[in-house]
Amino acid sequence: MSLLTTSNPQKTLSGLYGGAVALLMATHMAGLIGMQVAWSRPWFLLLTPLNLLLTAGLLIAFQPERNAAFVRFTALTVFVGFVAELIGVQTGWLFGAYAYGATLGPKLWGVPFVIGINWFVLVYSIGVWLSSYNWPRWRLVLVGSVLMVLLDVLIEPVAIRFDFWAWHEGAVPWRNYGGWFLVSVLLFGVFTGSAFRKQNPLARVVVAVQAAFFLGHALLAWV
């Protein structure tokens, strides 16, 4: 066999799947434990944006055939997610009156740079997972948006506790969940209308580890 033979990139990635799963589980578990321990908490909070970037990078790496439609979807989701948060922070209109803390890293106009990436990670991973059921477009958009709201219910108390963001009213306003639902409907509409392969073995893993991470924090808060 020639040394110049080109390997199949998908076969290479399939061989790395186990390692990617282990890495996602390890980083989220380390974050769960490290953020609960007082002496290690500041260090793990600093790593929060990097963990988000790592998750996004792994999802993109395992996306087969990253064509122009996938690139457009990714860019549009990051942009719309950031703009939605910008409107929310600057006006209080979309989600309610809130402000971001220091945990999610550097900001532009009061919004962390990584927040659009967070919208991509959640919409893409949930969307790819639900695509395996071959549902009609409207059902995927509806169920995906409901799951986004349910995930936000888990995220909110953890985010407030660890200075991801803070609500000016103290409690989470109900319209926050309405805003999340509306933005999610828009982004899942873009997802279902984008012509790229909705297959990624890491999608379900990311949904699971994200849910377990925030649920774990919620349960430990009661201990």
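Cβ atoms here come from the backbone N, Cα and C positions, even for glycine.
Whatever TrEMBL says is automated annotation, not expert-curated.
What TrEMBL says about this protein:
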- 12-37: transmembrane segment (TRANSMEM)
- 43-62: transmembrane segment (TRANSMEM)
- 69-89: transmembrane segment (TRANSMEM)
- 109-131: transmembrane segment (TRANSMEM)
- 138-159: transmembrane segment (TRANSMEM)
- 179-196: transmembrane segment (TRANSMEM)
- 203-222: transmembrane segment (TRANSMEM)
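The list of residues near the transmembrane segment (12-37) in space but at least 6 beyond its ends in sequence, with Cβ under 8 angstroms from a Cβ of it, reads 43-45, 47-48, 51, 54-55, 58, 61-62, 162, 201-202, 205-206, 209-210, 212-213, 216-217, 220. Non-local neighbours of the transmembrane segment (203-222) in the same chain are 20-21, 24-25, 28, 31-32, 35-36, 55, 59, 121-122, 124-129, 151, 154-155, 157-158, 161; each lies 6+ residues outside the stretch with a CB under 8 Å from one of its CB atoms. The recorded stretches the transmembrane segment (179-196) and the transmembrane segment (109-131) share 3+ CB pairs below 8 A when only pairs 6 or more apart in sequence are counted, and are therefore in contact.
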